[in-house]
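Sequence annotations record features per position, and here TrEMBL assigns active site, proton acceptor to 127. If you look up TrEMBL, you'll see 11, 72, 73, 102, 103, 104, 105 marked as ATP binding site. Residues or ranges marked as ADP binding site in TrEMBL: 21, 22, 23, 24, 25, 154, 185, 186, 187, 211, 213, 214, 215. Taken from TrEMBL, the feature Mg(2+) binding site applies to 103. According to TrEMBL, the substrate binding site annotation covers 125, 126, 127, 162, 169, 170, 171, 222, 243, 249, 250, 251, 252. The domain 'Phosphofructokinase' annotation in TrEMBL covers 3-275.
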Ligand code: F6P
């Protein structure tokens, strides 16, 4: 194929710009034309599409967010929306599409594939919850941002002998809480993929206090419950001078880490290699440090993301 397009969709993630840059530059290097679609699938249906030149992706590799903008667009779940999208792609003479995003975006790419339009998915979400890959673009930056907050919160927690419940994003996945929690020395990590017992959480805090421990940090994944609800339930077991910190969207912004920029560059490069050979209906990932491409329908319908639960066990045994 000779003309491809790229869009970013769903929640933005640091490193998306690096991926757009890689797709654009690699495509131009290989003699293809590249079009950028603004506002994800919403922009696709609206025909908000323009040609990208070499300079359009200059000075972008270090920027957070996505310069193509993003949107949540549930209308693309309808056949009507999907066919309108394909009509726009054809109007611009576009033969293949790169979709960077999370779960919802992948479903959009899968729908295009099912209608016979070649699409390739690149996993871009801070949540790290996409099947077919060990890591997603944005996850590394996000856990480092959470870690910086945990370190800061620890200072004030120690000064006041307080317990902090630090609520982090992740949708239904506990990866962000797990990785940042282990790195930050959290006393407890509460995630959707592992049950927890509030009485044991309270007992651990009390035992720490009795030994003279000054701070207690609990990292809570939003998929379990909100931080304030958790604090209310914890209060039923005693007064632990608890405070709640909801990190929220702060974790979605910021300059991407080196690891995310490299991952994004590898994914973008690979997407063009595939489309150049007219290969669509695939999603790209990294598995055991190898860049892989798997069938998008099979990956979404049969694959499942699993967080590294060995981190959970490890934390239980080294953090108290
Ligand atoms: O999927 C990324 C994510 O940041 C999740 O962690 C979070 O639950 C959700 O998006 C928030 O979505 P929105 O930005 O639409 O509020």
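Every residue gets a Cβ built from N, Cα and C, even glycine.
Per Cα geometry, 252 is the residue among the binding-site residues 72, 105, 125, 252 nearest to residue 215 (ADP binding site). Among the binding-site residues 11, 21, 25, 102, 169, 243, residues whose Cβ is positioned under 6 Å from ligand 1 are identified as 11, 102, 169. DSSP assigns residue 23 (ADP binding site) to a helix. Closest to residue 171 (substrate binding site) by Cα-Cα distance, out of the binding-site residues 11, 25, 72, 73, 185, is 11. For residue 73 (ATP binding site), the same-chain residues that are 6 or more apart in sequence and have a Cβ closer than 8 Å to its Cβ are 9, 39, 40, 41, 42, 45, 81.
In this structure, the binding-site residues under consideration are 102, 185, and the one with the smallest number of other Cβ atoms within 10 Å of its Cβ is 185.
Here the candidates are the binding-site residues 23, 25, 125, 213, and by Cα distance the one nearest residue 102 (ATP binding site) turns out to be 125.
Using a 10 Å Cβ-Cβ cutoff, residue 171 (substrate binding site) registers 18 neighbours. Between the C-alpha atoms of residue 72 (ATP binding site) and residue 252 (substrate binding site), the distance comes to 15 Å. Across the fold, the C-alpha of residue 125 (substrate binding site) and the C-alpha of residue 104 (ATP binding site) stand 11 Å from each other.
For the pair formed by residue 103 (ATP binding site) and residue 250 (substrate binding site), distance between Cα atoms is given as 21 Å, rounded to the nearest Å.
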